[in-house]
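Below you'll find the structure, written out as structure tokens, and then a few comments.
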Amino acid sequence: LQGIFVLGLPYALLHSGYSGLILIILAAALCCYTGKILITCLYEENEDGQLIRVRDTYEDIANACCRNLSPSLGGTVVNVTQVMELIMTCILYLVVSGNLLSHSFPSVPVTEKTWSAIAFVMLLPCVFIKTLKIVSKLSQVCSLAHFIIIFVVMAYCLTQIHQWSWVKFRLSIDFEDFLVSVGVIIFSYTSQIFLPALEGSMKNTEEFRCMLNWTHFSACVLKTTFALTAFLTWGEETKEVITDNLPSFLQALVNLCLLTKALLSYPLPFFAATEIVCACISRGNHSNYGSPLFALGIRGSFLLLTLLMALFIPHFALLMGLTGSVTGAAMTFLLPSLFHLKLKWKKLSFLEKCADISVFILGFLCSLAGTVCSIKGLLEIFG
């Protein structure tokens with residue numbers, strides 16, 4: 001919930017004004033709600049009325065909903081969507097890495113795309129990652145770097161508090177720019193694909209709902225505070241990646257931490273995406289697909305794909321908005337509400353049904369409009 005993509009929130013406020021602040025809060029509430037109903041779909045009541053966990057993954061929930069049509073249709077849709085979101089996340093890390101290196105060494109006559117390619121070379125060892133043990137160790141360093149970044153940016157903004165003015169906030173907004181901001185904000189909250197495994201690993205699963213409430217509340221407070229202080233400091237000059245606004249004497253430190261975080265964050269979504277693909281392909285009794293060489297080929301292909309996409313679409317905010325509008329909205333709003341309605345329809349109250357239907361419609365409209373506007377923005381950039 002507190003990844004590197006929080007750096008795009010001040011830019012989202014630039015295009016959404018006061019409505020962006022409301023949206024950050026609303027997105028936290030809706031994401032928390034859909035997280036809860038998604039976990040509800042893992043359980044069924046037994047003959048004694050006790051809740052028993054009968055499903056383990058997002059894929060299991062999808063297959064249960066679509067078993068009348070096809071035993072594996074729902075799982076296939078979920079897996080494709082998950083892989084798309086994870087790969088887009090990897091692409092964003094490469095785009096950010098290129099941006100950071102470009103601004104850290106402005107005197108070097110190298111383009112941002114070339115810097116992304118250099119960052120790609122540093123990520124080549126990812127093809128040899130076989131377990132989450134290595135990924136978890138890398139994530140510890142990511143957490144430390146993240147706190148340093150947030151602290152430095154907010155500390156500098158507070159030194160500029162005498163320049164703050166609420167006049168910088170827009171009352172009127174451009175509708176298309178606002179919809180791109182919707183995608184950015186939604187994407188910064190997406191965590192549903194990890195929730196079934198997270199809930200299953202908890203010692204006291206009955207505390208899951210409480211944990212979800214507190215984490216989303218904390219994330220909302222931090223995101224709102226960070227985005228607000230940064231935007232009030234730079235106003236109309238707010239850039240896609242907020243650290244680009246920092247003075248040169250701070251940029252070097254922050255960019256180094258950001259680059260470290262981006263490069264060490266890459267292995268988690270990369271590992272998750274390749275594991276899903278390898279598991280799907282080798283699910284049948286095909287011994288050739290279970291070989292280490294085949295898995296290495298899959299990881300190498302995915303690594304190369306993320307580089308090509310990063311070189312082709314080197315625009316952080318629009319790419320983040322597109323990802324949030326397509327896969328983020330689907331995994332966070334559309335599918336959880338749809339699955340909850342399908343599996344629990346007979347046991348839901350009228351208000352619960354209305355809530356799920358409202359979330360689904362809202363998610364669909366935001367996804368459709370945000371996707372169109374993000375693609376339009378990308379087409380305009382490419383002329």
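Glycine is treated like the rest: Cβ placed from N, Cα and C.
TrEMBL annotations:
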DOMAIN    2-375  domain 'Amino acid transporter transmembrane'
TRANSMEM  20-43  transmembrane segment
TRANSMEM  77-95  transmembrane segment
TRANSMEM  115-132  transmembrane segment
TRANSMEM  144-166  transmembrane segment
TRANSMEM  178-198  transmembrane segment
TRANSMEM  210-232  transmembrane segment
TRANSMEM  252-281  transmembrane segment
TRANSMEM  293-313  transmembrane segment
TRANSMEM  319-339  transmembrane segment
TRANSMEM  359-379  transmembrane segment
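Most Cβ pairs under 8 Å with the transmembrane segment (293-313) belong to 115-132, among the candidate stretches 20-43, 77-95, 115-132, 144-166, 178-198.
Just going by CB pairs under 8 A, the stretch in 77-95, 115-132, 144-166, 178-198, 210-232 that sits most against the transmembrane segment (252-281) is 77-95.
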